[in-house]
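Database features, via Swiss-Prot:
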type    : residues                     : note
BINDING : Arg24, Glu82, Lys120, Lys508 : (6S)-5-formyl-5,6,7,8-tetrahydrofolate binding site
DOMAIN  : 217-433                      : domain 'TrmE-type G'
BINDING : 227-232, 246-252, 271-274    : GTP binding site
BINDING : Ser231, Thr252               : Mg(2+) binding site
Amino acid sequence: MTNTNETIFALSTVFGKSGVAVIRISGNYALKALNHFHIKKEIKPRFATLVDLYDDSSQLIDNGIIIYFPAPNSFTGEDVIELQVHGSKAVIKIILEELSKVFVMAKPGEFSLRAFLNGKFDLTQIEGIADLIDAETKMQAKQAIKQISGELERLYSNWRQRLITIQSKIEAYIDFPEDIWAEKSELEKINNEVQSLVQLIQEHLNDNRRGERLREGLHIVITGEPNVGKSTLFNFLAKRDIAIVSEYAGTTRDILEAHIDIGGYPIILSDTAGIRESSDPIELEGISRAKKRSFEADLRIELFPFEQRHDVNYQATGNIPSVVDTQLCKYCNQQTVSSQCLTLGSRYKNTCKLCNRQWILETCAENNVHSWIPVSATCMTSDQNDTIYVLSKADDVINNHNIKINGIDLLPISILKEIGTNKLISLIKEKAEEKFGHDRDTPVITRQRHRNHMKKALEHLQRFNIDNPIELISEDLRLAAFELGAVIGIIDVEEILSSVFSNFCVGK
């Protein structure tokens, strides 16, 4: 994969105008850079030294800081030179050209690969470094730092060592069966230890993908009928004008995305086409995409128009205005759902089953009225924690207290008058904390690669049966330990290493 005998170099900072640019050199001959740039000063290890850098013709290139990290006490475990020069494109280009005369340009992730090969980090720590570089929010950085500190490595190494200990006992029986395997108590201890590991790995896998979600971002979709304020809310949360806002219904056809930070959590916010009946094939495609994205989302913000109708009963009791009754109920056409639902003023008492999505889906399917199913029903989830219900355009609302229907909270908001917006943001943060597992100290799986190996390890352990032939027992334990070792990189599998390090930038 790489020739570690070569001395490599690369720009470690972004190429462009900046105050400082850092160029890293690593390898057995890194100190040759001193002679190449005609540096005469004594360079003390781990001290910053101001030097002048000259080219082959003794022309001054720049002055900057040089730091020497002798092996093995460096990032890569090799001799490392770091040059800190002015962040000028011209200076950077000249220095890189000079270095290419004596060294080899590093491949993406090659510095980190050498650090791994020299035992400075395990694979999960290396991946943590990549995640920290990519982190855009506080919580992403916090998770990456935990991984760099060796949190996952310690957990998986402990499990792997326990398996190796069990396997050593079984291997001993193969050589000396009369000494060990005859004791029933020893059999029970081994079986209990394996079952304990099975339970621990199962619990580790049943984490609702918290770590992966935090790395990738929580997918939130804004849904609702046309012209209910979806794009206005989208632009407000994104803090910039991305979607076109118009009084004409159906402006948004395709899905728009924005990456935002709410309370330190990464959010991928999507604005979608309004859900309605249409004969326009382009709009229908947009509606289809909206429903699909809503189904796949981690969280939905579902909008209904408030449209104040001077409902005295609402002002007095907090009940929802009749117009919203109509808005919500019209999906249940021609008494296919519940006659009580269609009665204006019913206020969705216990007879109303609108908020039971699975019930709506089944009932509408029985009566062949799929076109009337709202997007909330098409999501096919009965977990109301996955949806935030919002009454939009509530410009005339007296207060921003939640309105309850059948125990479901609907939040009135007005972007124009900034009513309920802070409450909505707080609610999104609360939902994100629930999804990500706020402030949990338990190590979490952060990549699909980890999850795949853990699943395979679990499969081998679940096949463990103390009554099986001893050779099969030993093989299952060996394979389970192999999968755990693959996560942290104890085994030498080039496909795994290529997959991990190919995603790094050059210079890291």
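Note: Cβ is positioned from N, Cα and C throughout, glycine not excepted.
On a Cα basis, Ser231 (Mg(2+) binding site) lies 49 Å away from Lys120 ((6S)-5-formyl-5,6,7,8-tetrahydrofolate binding site). Model confidence over the domain 'TrmE-type G' (217-433) is summarised by a mean pLDDT of 67.
The number of other CB atoms found within 10 A of the CB of Ser231 (Mg(2+) binding site), across every protein chain shown, is 22. Spatially close to Thr252 (GTP binding site) yet at least six residues away along the chain are Lys230, Ser231, Ala243, Ile244, Asp271, Thr272, Ala273, Gly274, Gly286, judged by Cβ distances under 8 angstroms. Cα to Cα, Glu82 ((6S)-5-formyl-5,6,7,8-tetrahydrofolate binding site) and Asn227 (GTP binding site) are separated by 57 Å. Annotation note: Lys230 (GTP binding site) sits in a helical segment as assigned by DSSP. Around the Cβ of Glu82 ((6S)-5-formyl-5,6,7,8-tetrahydrofolate binding site), a 10 Å sphere holds 19 further Cβ atoms from the protein chains shown. The Cβ of Arg24 ((6S)-5-formyl-5,6,7,8-tetrahydrofolate binding site) has 23 neighbouring Cβ atoms from other residues within 10 Å, across all protein chains displayed.
Most buried of the binding-site residues Lys120, Lys230, judged by other Cβ atoms within 10 Å, is Lys230.
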